[in-house]
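Listed in TrEMBL:
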TRANSMEM  A:6-22  transmembrane segment
TRANSMEM  A:31-48  transmembrane segment
TRANSMEM  A:107-124  transmembrane segment
DOMAIN    A:127-415  domain 'NADH:quinone oxidoreductase/Mrp antiporter transmembrane'
TRANSMEM  A:130-150  transmembrane segment
TRANSMEM  A:162-184  transmembrane segment
TRANSMEM  A:204-228  transmembrane segment
TRANSMEM  A:235-256  transmembrane segment
TRANSMEM  A:268-292  transmembrane segment
TRANSMEM  A:299-319  transmembrane segment
TRANSMEM  A:361-384  transmembrane segment
TRANSMEM  A:404-426  transmembrane segment
TRANSMEM  A:447-465  transmembrane segment
């Protein structure tokens, strides 16, 4: 048994519930939640190392042997994402600690952030379809609260749209589960994969797969991203960074799991549709990113573009492209968290939400300016930073699969990413300074530190490719060979 | 029996769709509640509506009733209960701060 697998989900829940009793003591709330995430991060690194040495790990809850019980299955892909997600949550929590939004802190900001992370980690780890739904709901309920916490008018009206669209997509999720159970009689992912392979994925199952595609596209913001810019714009900085880094990525994770483990028999239908959706997403995201002058809208559309880009790898469906997608997924979790922290900081410091309303910030806050430049370069995929490897591999994989249009759109979208963010940089950071030194809001070191760490990580991930590549290779290997996952998730020795 | 329940599900979904498309927020909330009822019924129907057998698969029994869908529905009901409760509170709070329950009047923000 590998009871340790449960900790990335259970630890945040336990601490989150305990923290409810310390409402009047913000310091306990702050540091306990940061400490919890540090512990979760270390545990997940340890599990990742164990997975690399011993193969796929599994935890059967209550000793119910699969496929009868609920299982947690840890393969390299899941553990890479759990580790990265925990790391980003540490930094976002630190930012929240130093941002001192006491009104929200008093109303259980930290417990709900922890519950959100618990749902995300659970979704990455679970080996059961219904449990995936439950983890999604844990994550979503926490996100509903975080979305509306603070009760500003914009948050409330955007919150209603966000909740409504997610209730609808959860409904589709349940619908898919019902059909899946009706046709295949099981909900264990590994056994589903076996049975789909036995049946050879007839049209009925392909139709059900499209249903799941819709569900996860809504969560990931693939084509169905219309809810995303508005709701992310209404959030406080640390929360929006965590949302941008994690929430859409869980949808992407589910898409990867479903279309490499379960529905990989009809790529001419499903993966072609994913490819088309990726194109539409990248085009729409690019147009959005250059159409708006509002900082948070531009950042939100950059999330959308990245989702399209990652799914180019899934649409191409070969080892190189999948490897590229995993690289890019890890990179994107880190760097989108960073981007939203920076945008939030810039709005806080300048007091302006549009980029032509302020200028010359680099004179006032030089370090912040340089970090912003690094973020832009990293997002654009310029070599020394972490975006490069993912872009290169996805490009190679897509060309190898003969997806020329997809490759062209993907790399054009990178130019739009660069253009949209450089526009912010040139307008806000360069030129005559608009803030006089005596009016300057001091930037606390605590708020800058998480950004600095994330920037160092994106540079480190780019330079230290050799450290990460065995993990990514292993993750892609398991994704491309479903029988390995089935073996790991079902065998009873 | 399965066919009839499926028809009921269809009726519920159409009612819910009608409610979801209206402008009044309370109707929208009711729509989501009915929508979740519909899918719970569907989950139950998908497991097969059998009665009179034990819910255990063993060596000595030929027929058995599938107990899993009921466990699934129970979980799904609890979740949809929580979501509906939260949604109702949010709608009331929004009504308090915007002074309207009409979705049309909540559109967008006046900053663009």
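Count begins at 1; order follows the chain as displayed.
Cβ from N, Cα, C; glycine included.
Contacts between the transmembrane segment (A:107-124) and the transmembrane segment (A:235-256): present, as 3 or more C-beta pairs lie under 8 angstroms, all at sequence separation of six or more. Through the fold, the transmembrane segment (A:361-384) approaches residues 302, 306, 331, 335, 338-339, 342, 345-346, 349-350, 390-392, 414-415, 417-418, 421-422, 424-425, 428-430, 433, 435, 437, 440, 443, 448, 451-452, 455, 458-459, 462-463 of its own chain, all at least 6 residues removed from its boundaries and within a Cβ separation under 8 Å. The transmembrane segment (A:299-319) makes no contact with the transmembrane segment (A:130-150): fewer than 3 of their CB pairs lie within 8 A, with pairs spaced 6 or more apart in sequence.
In summary, the transmembrane segment (A:204-228) lies against the transmembrane segment (A:268-292): three or more C-beta pairs, each 6 or more positions apart in sequence, are under 8 Å.
Within its own chain, the transmembrane segment (A:6-22) has Cβ neighbours under 8 Å at 28-29, 32-33, 36-37, 39-40, 43-44, 47, 59, 72, 82, 86, 108, 110-112, 114-115, 117-118, 121-122, 125, 135, counting only residues six or more beyond its boundaries. Here the transmembrane segment (A:31-48) has Cβ contacts under 8 Å with residues 2, 4-5, 7-8, 11-12, 15-16, 18-19, 22, 57, 74, 76, 79-80, 82-83, 86-87, 89-90, 93-94, 97, 110-111, 113-114, 117, 121, 471 of the same chain, all six or more residues outside its ends.
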